[in-house]
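Chemist: Provided herewith is a single structure, encoded as structure tokens, for subsequent inquiry.
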Amino acid sequence: PIDSLLLTRTLVRWADGKGSKTRIEARINKEPTTDEPTWDINTALKRVKGRRDRLATLLGMFQKSTPEMLHKLKESAECNDRKNIEAHAHALKGTSGNLAFMRLYQACITLEVMPAETSLDALIAQVDNIEAAYKDTQILIMDFLTNNKES
């Protein structure tokens, strides 16, 4: 199936840019807003063939690696380093998508496809949205890990 939001963002990115900056910046809010669930646990479990122990291991790895990635993403945004912003957003998009953290995944897509002429303030606002989405995942991860401890 085609992800219409991703398709639209990609087309805007490839277009000549007329109005694209305004349209994308208009979608960026101080608070992350999306109809996507924070975590689609059923999808995450399907990806590990229902093995809660394996998912717990992956979540632990995600918790250990993501803070550093977010730090690098924030630094890149503050320095307006577009190449590294896109690289870090892409990497975080991949890990969050594989674990079915849908809100975080969508926030990373938004940052990754922002046009080159997007303002620094808009970039930083979207990084803030990503950080907020990540914080939301932490509660869910801790709950999952607490309820799925090996005995």
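Each residue, glycine too, has its Cβ placed from N, Cα and C.
Heads up, here are the entries from TrEMBL:
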DOMAIN    51-151  domain 'HPt'
MOD_RES   HIS90  phosphohistidine
Chemist: Looking only at the domain 'HPt' (51-151), how are its residues distributed among DSSP helix, strand and coil?
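Modeler: Taking each residue of the domain 'HPt' (51-151) in turn, the totals are 83 helix, 0 strand, 18 coil.
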Chemist: If I take every residue in the domain 'HPt' (51-151) and average their pLDDT values, what number comes out?
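Modeler: The predicted confidence over the domain 'HPt' (51-151), as a mean pLDDT, is 94.
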Chemist: Looking at Cβ-Cβ distances, which residues of the chain lie under 8 angstroms from the residue listed as 'phosphohistidine' while being 6 or more apart from it?
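Modeler: Counting only residues 6 or more apart in sequence, the Cβ neighbours of the residue listed as 'phosphohistidine' under 8 Å are CYS108, GLU112.
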